[in-house]
Amino acid sequence: MPSYNHTSNGVNMANFRALGGKNTGRGGTYRAPYEWTLESVEQMGLGATENRMSSTLRDASSQLQAVASATVANDISIVDRALTTKLSQTESLKNMLETCLAEVISEIAELLSTKKRLEERNGKVQAKIGVNSNRMQVRSSRPPREMTMDEVEKGLIKQQGMLGSFSDRVARAVAQVDREVAQLEAVRAKLEADLRDKTEALRVDEAVLSIPTDPTVEGTLSPTFRRGAADCPPKTPHTWVRNTEDNLRNAHHWLADSARLRKAIAHAVANSRATEHDVANRLNENMLAKVAATRNLREDLQAQLEKVREEQARAKGQRSALTSALDDKRGPLAQARERLAVRKARPCRENVNDEVEAALAKEVAHLAAVTQQLSVKVAAVDREIAALDATAAQLESNIADKDDALRVDERVVLLDGRINLAQRPPSSVASFAMSDMSAPRTQTLARIRELEASLTSARREREAMESSIRQLRDTMGGGGAF
């Protein structure tokens with residue numbers, strides 16, 4: 001096919017026309033017939049050539065138009081498919097971002113709820129620490145005799161240390177939760193920014209897809225979507241997807257870390273609560289047992305004091321009897337001594353160891369011996385009365401200390417808000433509420449209290465029998481002396 005503006009022989013038509021113009025227009029001269037004929041032939045050749053050139057141009061234009069239409073249609077189809085694929089991919093990433101963002105928001109709410117529960121738990125622990133401190137302070141006011149490192153004191157010290165340690169762990173857990181929330185908030189900000197960009201990208205791509213094939217549309221929508229002055233360099237598709245995947249992967253990492261933290265906190269709180277309730281239950285049992293033991297010991301001391309006072313009364317009665325008997329013997333002794341002294345005044349001739357002399361001497365000796373024995377008994381009874389008085393004073397002092405200790409121990413028990421000792425401690429301070437699961441343990445404790453009561457009763461009976469035996473022995477010893 002000849003090129004445009006050239007003949008089939010390769011002659012350039014522009015140059016040919018320029019040369020043809022030079023051969024025409026010779027005004028005022030004759031031309032040869034040959035030139036005249038040649039001019040027409042050349043012009044006819046030129047016309048034919050122009051016709052061929054025009055036909056060639058029309059064919060080339062038709063082919064170009066067809067190729068251009070096909071190319072444009074294909075390009076538009078490719079762009080539409082690319083936009084549709086991009087919209088689908090962006091929508092998928094947007095959905096994943098929305099799901100992950102919802103999980104992050106939910107996890108932040110769970111962490112804040114965990115923090116609130118920890119703070120409430122720490123408040124209860126601080127209240128228990130206050131009650132425990134008050135108990136230790138009140139218990140320090142017991143009399144010196146009652147200051148013993150008993151199970152109650154050990155339990156209070158153990159509970160104070162345990163509660164302080166748990167309070168420290170709660171504070172550290174709250175700080176860790178705050179750090180975790182800060183990390184999740186940063187993740188949330190990244191996800192929200194990425195989600196906003198994805199939403200805007202969807203809006204832009206949907207607008208691009210909706211632009212019609214119209215010459216008048218150019219310049220109408222682009223100004224409303226034009227980026228700001230701080231343009232950013234374009235990313236590769238791989239980098240674009242990887243950035244979002246990195247955000248999602250980072251979010252899932254912190255979500256898993258937060259879930260592990262909440263699980264660990266829940267496990268630690270459950271264990272500490274179980275340990276705390278167990279220690280509080282044992283402390284409550286020890287306090288009640290201490291009150292019961294102090295009360296029983298005070299009752300035993302009071303019973304013994306009554307026995308000592310009864311023995312004091314009997315000893316004083318015995319002393320009165322001995323004193324009366326001694327007084328009764330002093331008259332006959334004085335009489336016998338006086339008789340013997342008067343009889344010694346007989347003349348020497350009459351100084352005979354006769355029956356009267358022997359009887360008087362024997363009477364004086366018997367009365368002196370009896371008086372001596374009675375005096376010894378009176379002195380012994382006086383010493384015993386003094387010992388009984390001292391014992392009674394010690395018992396009274398001990399009972400007074402036991403009364404003070406009992407009042408202090410009862411006050412210590414009631415510091416948790418109970419009205420009386422029979423009431424169970426509040427569950428927020430001491431132990432769990434009564435349940436069917438604690439029934440076997442309650443029955444066991446009741447059985448232990450019954451056995452302790454039986455043991456106390458048996459001890460009292462034994463002490464009463466020992467006291468009766470001592471009294472019988474004392475009575476037998478006194479009768480033998482007379």
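Each Cβ is built from the backbone N, Cα and C atoms, and glycine gets one as well.
Since the structure is predicted, the reported quantities are computational estimates derived from the model, not experimental observations.
What Swiss-Prot records for 100-129 (among others) is coiled coil. The average pLDDT for the coiled coil (100-129) in the predicted structure is 90.
The feature coiled coil is assigned by Swiss-Prot to 171-204 (among others), with sequence analysis given as support.
The coiled coil annotation in Swiss-Prot covers 282-324 (among others).
The feature region 'Disordered' is assigned by Swiss-Prot to 311-330. Tertiary proximity for the region 'Disordered' (311-330) is limited to same-chain residues at least six positions away from its ends with a CB under 8 Å from its CB atoms, namely 367, 370-371, 374-375, 377-378, 381-382, 384-385, 388-389, 392, 471, 478.
Taken from Swiss-Prot, the feature coiled coil applies to 376-407 (among others), supported by sequence analysis. Nonlocal intrachain contacts for the coiled coil (376-407), taken as residues 6+ away from its ends with a CB within less than 8 angstroms of a stretch CB, comprise 142-143, 145-146, 291, 294-295, 297-298, 301-302, 304-305, 308-309, 311-312, 315-316, 318-319, 322-323, 326, 478, 481.
Positions annotated as coiled coil by Swiss-Prot, on the basis of sequence analysis: 441-478 (among others).
Within the same chain, no residue at least 6 positions away in sequence has its Cβ under 8 Å from that of Arg462 (asymmetric dimethylarginine). The asymmetric dimethylarginine annotation in Swiss-Prot covers Arg462.
Panel annotation: around the coiled coil (171-204), residues 87, 90-91, 93-94, 97-98, 100-101, 104-105, 107-108, 111-112, 114-115, 118-119, 122, 225, 243-244, 247, 250-251, 254-255, 257-258, 261, 265, 268 of the same chain, lying at least six beyond its termini, place a Cβ under 8 Å from a Cβ of the stretch.
When the region 'Disordered' (311-330) is classified with DSSP, helix, strand and coil residues number 20 helix, 0 strand, 0 coil.
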